[in-house]
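Asks: The structure that follows is given in the form of structure tokens.
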């Protein structure tokens, strides 16, 4: 017993108590809709297609009953049998149960369910976008119950057995569960409109709840409409059998704010079945639900209220509607359960409380459908009889289909035939006669007729004319002459025909079939009284729109046939069966670790999430990777004043992406910055007399900020105010001093949660003489905190847990792992019985298993190499309604298509366990960047509070160390790695950027103190003295490009390590290396053995020293040190010195170019002249010879800039006078050289030695040509005057 005591003092309180008691009673009353509906019915409420015998009748098919022969059995156990229950009134059905025939071998293993309000025009029960097949019984006694995922309302229910027990036949006892259903029904004839008038003439509505149910055979019509004089409106209408909701909460008169919003839902809604609609709106947020499918969206514009005038109408447009709203059809069909903001409109209509004066005949019942459709699948055919031996063929029908091709009908002629088919979306007719000379007539009409809508076809062949009319448009009828006399055969085959095997079978629906101008009664066909059929479902149209809702994600285009759909992902940036997988990496950081260099890339921070990919600039020249997002504000943009002194100037910045995309960059970055600069001339920036700022900026989330670059949140200062060095110490910004001279306040904004800058509001430019210029640089963000987010699992029982996630129609999981264990569970999430599990099954096998209700499915991929090698491996698993895919290291892949029938929605409810779960052996090792449906889980954050799991993971160099090139050293970091290039001649994030210079008669000298018994040299050289290496003793190594010997441009190495009277000389290649092409030199020495590339070995004389001690100086270009180190050679080849490109120079661990050009590197390098850094070292090592005019390394090329100005060459790159003179010199040199060679051979042959009368200096010349040239004053003067090399 319960006692309720109340004290109240006013009628208002009484009303409140009354409402509270009513709600209390409603909450405590039973609300479960689970009553037994079939068993109480009389015997006559059960009917069937046939019965085996009287005591096997349909009326005995009641659950757990043993009367009669214990249940229903039909005369045949084929697929055309059915058992029907008449509930005597419309009921809501929530569950069903079946049982075999009592104490027998007869039961039904699988069945389908149909329902109807009238006993005709049946609708199949659908689930997971398919006509659902229920699992039945496996014995005769146990009842199997199914709770319906989508309860329905109907009076008639049919069970369609699909297969039965192998030992017996079809046997069935059934039960239906649910509750009573009642609703007022109103029939609309296209003329009548319900007008619901408001209590006030104008309504400002903040919240709406509108619901109704409708059924119709018309594809167009207004369901409801309301509008206001200010332009607000709401309209719900059918357009081409789709439901369209249009809302406008207001647009301004200038058109800058457009409030119109339009959302479409559903398809094939003209099927004469009930559909439910629910519209819920609060301010701009709207939920639009059609038949349990909800779309959530926000209306356009900036207004929240729906302003309506006077009324809202149902079934059509009001008489008072604006002319612009006209031209639409009123609704024809039925509606029930119309509710508008708490008012039951259908009940008000029945009570005559609303205006229904436009109805000619208002009825509260819904007329039965007059159509009798037939549903065809790929194996269906329907045979009808027509007139025989007639000269006329006349067939009319309506069809709807998604398939582009299929046979509509075929009729044989005597002899020949007529085929009317759908071919690529248009109707095509083939008329052919095979008697005597073959005759064929082809006509076609229409296009895009496979759109799922009803279309009519009328074909008429009369005497010598054939006519084809589509959709009743007589004006577009196609006619063709028939040169033969038609004689009909009398048979008509619809949908499929064994006589025409080349034609595809039709998949879809047909209705209103006319043969010989007579409507065919398909009811008689169903009863076996007329024609015949095979695998045709009569009195129903079960066509399904598999593209509504659209399962193609990210804007993929859906196309379909009768039994499947496919997605076209071109241009979306995504791939896969449903366009689910992003084609791009998540950040610049990820591109870097794929070995990419600085460039512009597409990134997708949320992978498979809703955010679209976008382009950013990735700068990978530093240890950290910078992501740059530019805006459209030019540097030093002038700030103009407003029309009134109190007006502020607003400068709005647009970025190359949406605000959500920019926020994704800043959210995942470790650090962000944006440079701002305010140049002022008598224009104050922040601080005014009352303390309020003159200028502020708007950042993320449209928040205002009152600090400037170089300062921080909450500090209304500029950089100079923080550093206390402003122009006027009384102010915190240079511009606040209000001086009549140009000043600037600039600095970095570095609080990334406030970035980027989207607006700058400037307030002090209206005064006379005030000027300002604003610069807002690009947003620059560094790092990716998601990419290195990792956790280490140290015991087999270690695990992390996260909240469950939605995975009904699609789900994806991706992560990196590294381990030395051979097996373990990566992650698992459970449902009932659904689950997902990813597991390392063995040292080479990864497994992805799941269950969506159809039984467990397992995909495995096998690696050719062990996965427990303590290196990073990537796993990607995806499951959608079309397929499941497992990928390993982007190389190994397995896919499994989803079954055509069965469950498609994955129902999960447990937490997501990463590591051990349910007593299974957990994963031992590291997991990194774990993403679920595009969201990166914070493994480190959860690991910090979980025993047995440590945040972070070490050992990245084992997987990524090979990216460090040219002997760069991989350095481990907490959240990644870096390449140390300090001991190489290279630069860049992976030590693969060669450092190069352009030399022209200048010198780079590097002083060092190092001992080296073994040394190596690497240089990339062009067109002289390349390099000179000497120590404090008279020892040196020299590389020289010989300009005067034959052949010209020979490269020479000269060694003198001590102990030798003359230096040891090696000519590396007897060909011209001063040819404009890049060349690579690599020299190594171990004791007296010298190698160079291509590999050739030389041995120094035994008297030579083996140590190159105390290296003092490295010269690149001219050598300014003389003494006992080849003084003649230095003097000779220092004029004019090396001209060309030097790159990648390294002597042991010394990199002189890096020391000279890179800041932050300890250096004792000195430069004589101007040193020009170049990218010439990045050029390929083999390029075709080019003219000096176009040679980027040649100082005379058009694009080169050097601190000298020599005379130009002719257009083809050759000086004509020099060429003639050079030819003469070459002939003289060649003659002398030949003579000297002959003398040398003669002297060595006779005496073993010889004496020469060469001029002074010849003993140190490299060849006879060089001796003559060096000692010829005229020749030397010629060179000095022209400073040109002579090429023949």
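Yeah, the Cβs are placed from backbone N, Cα and C, and that goes for glycine too.
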Asks: Would you mind telling me which of 1197-1218, 1219-1240, 1241-1262 TrEMBL tags as transmembrane segment?
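Replies: Based on what TrEMBL states, transmembrane segment spans 1219-1240.
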Asks: Among the disulfide-bonded residues listed here, 926, 953, whose Cβ has the fewest other Cβ atoms inside 10 Å?
Replies: 926
Asks: I need to check the long-range neighbours of the domain 'EGF-like' (954-992): which residues 6 or more away from its ends have a CB within less than 8 Å of a CB in the stretch?
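Replies: Answer is 592-593, 595, 597, 620-623, 625, 785, 787-788, 790, 818, 870-872, 926, 1018, 1144-1146, 1149, 1151, 1153-1154, 1158, 1161.
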Asks: Of the residues in the domain 'EGF-like' (954-992), how many are helix, strand and coil by DSSP?
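Replies: Helix (H, G, I), strand (E, B), coil: 7 helix, 12 strand, 20 coil.
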Asks: In the domain 'EGF-like' (543-580), how many residues does DSSP put in helix, strand and coil?
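Replies: The breakdown for the domain 'EGF-like' (543-580) reads 0 helix, 10 strand, 28 coil.
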Asks: Check the domain 'Laminin G' (789-953) for me and report the mean pLDDT.
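Replies: Mean model confidence (pLDDT) across the domain 'Laminin G' (789-953) is 90.
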